[in-house]
Amino acid sequence: MRQILIAVAIALTVSILLTPALIRLFTRQGFGHHTREDGPPTHHAKRGTPSMGGVAIIAGIWAGYLGTHLAGLAFDGEGISASGLLVLSLATVLGIVGFLDDLIKIRRSRNLGLNKTAKTIGQVAAAVLFGVLALGFRNANGLTPASADLSYVREIATVTLAPGLFVLFCVVVVSAWSNAVNFTDGLDGLAAGSMAMVTAAYVLITFWQYRNACVTAPGLGCYNVRDPLDLAIVAAATAGACIGFLWWNAAPAKIFMGDTGSLALGGIIAGISVTSRTEILAVVLGSLFVAEVSSVVLQILTFRTTGRRVFRMAPFHHHFELAGWAETTVIIRFWLLTAIACGLGVALFYGEWLAAIGA
């Protein structure tokens, strides 16, 4: 538990202190946000707000993770793991893709960055590399960072993917989550606050997996996850970094995370869900993100097939704004829905464990 607290504290401190420095730097450089021309009228006032704040989030996560392991040397903590590094590397590569996207938007003075092909290639390349490496790095107990078995709370042994299909599955998971968080990041603090809750839920889940690992505590209900404690540290560092960033990103935002942050955070959910064997449970925990990206897909498909729109604007948080809800009202209500979803997800996880031990 000490590792978890240290990760949160370091990540939060780095993020909350680095963000205002980035605000000053990006303001001097003219790295301002460009709003959608067809967006809600109230959003035009946000034009010029510094973007690319995701740099502070990524830096905070890495600082929290590495700082925790350095501190761990003092009380004989577990070392850096393949699972932790894979998740963080995936998030960082996606963050670089997002950074390039943000930079191009700024240079062009338009809300159009990397073209869809280039952005997709970057996401797919990151996912393929992650998927290939996740089936390697077998430890002394024969466990790899990921399992080719499809997983809900633990592996579903009846659904095993061939290596090639598993890599393809990773492409779908990584692309879906990175785009889902990206679409959610349209209101001040919405994505950062929601991510803090989802990763906090993952701290509880992965730490419970660590306390009930088959390697150290064999028996009914144990978990075959390679590095659950390290995943808990990654999740804790992410929650801390998001909270620190939220201090400056809450309405009215002084800075936006941009695609730099949203793509990286989507990579965190994708990476942790795969390495903790909870890909299906993640859909419950991150149901707000799922709903946001689904609203975009539904809007596009419906308009192309019928010529009509389901929502006044997608992602659907804009629909509620145009329906008359204040931005802060949408944010707080969506945070409440995320908290409920996370509570439900943790309850399902714990309930499955109780069922497994016959309680």
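From the backbone N, Cα and C atoms, a Cβ is placed for every residue, glycine too.
According to Swiss-Prot:
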TRANSMEM  3-23  transmembrane segment
TRANSMEM  55-75  transmembrane segment
TRANSMEM  80-100  transmembrane segment
TRANSMEM  117-137  transmembrane segment
TRANSMEM  156-176  transmembrane segment
TRANSMEM  187-207  transmembrane segment
TRANSMEM  231-251  transmembrane segment
TRANSMEM  255-275  transmembrane segment
TRANSMEM  280-300  transmembrane segment
TRANSMEM  334-354  transmembrane segment
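Counted as Cβ pairs under 8 Å, contacts with the transmembrane segment (55-75) are highest for 231-251 among 117-137, 156-176, 231-251, 334-354. Here the transmembrane segment (280-300) touches the transmembrane segment (334-354). Their Cβ atoms form 3 or more pairs under 8 Å, with each pair 6 or more residues apart. For the transmembrane segment (156-176), same-chain residues at least 6 beyond its ends with a Cβ under 8 Å from one of its own Cβ atoms are 90, 94, 120, 123-124, 126-128, 130-132, 134-135, 146, 148-150, 266-267, 270-271, 273-274, 279, 293.
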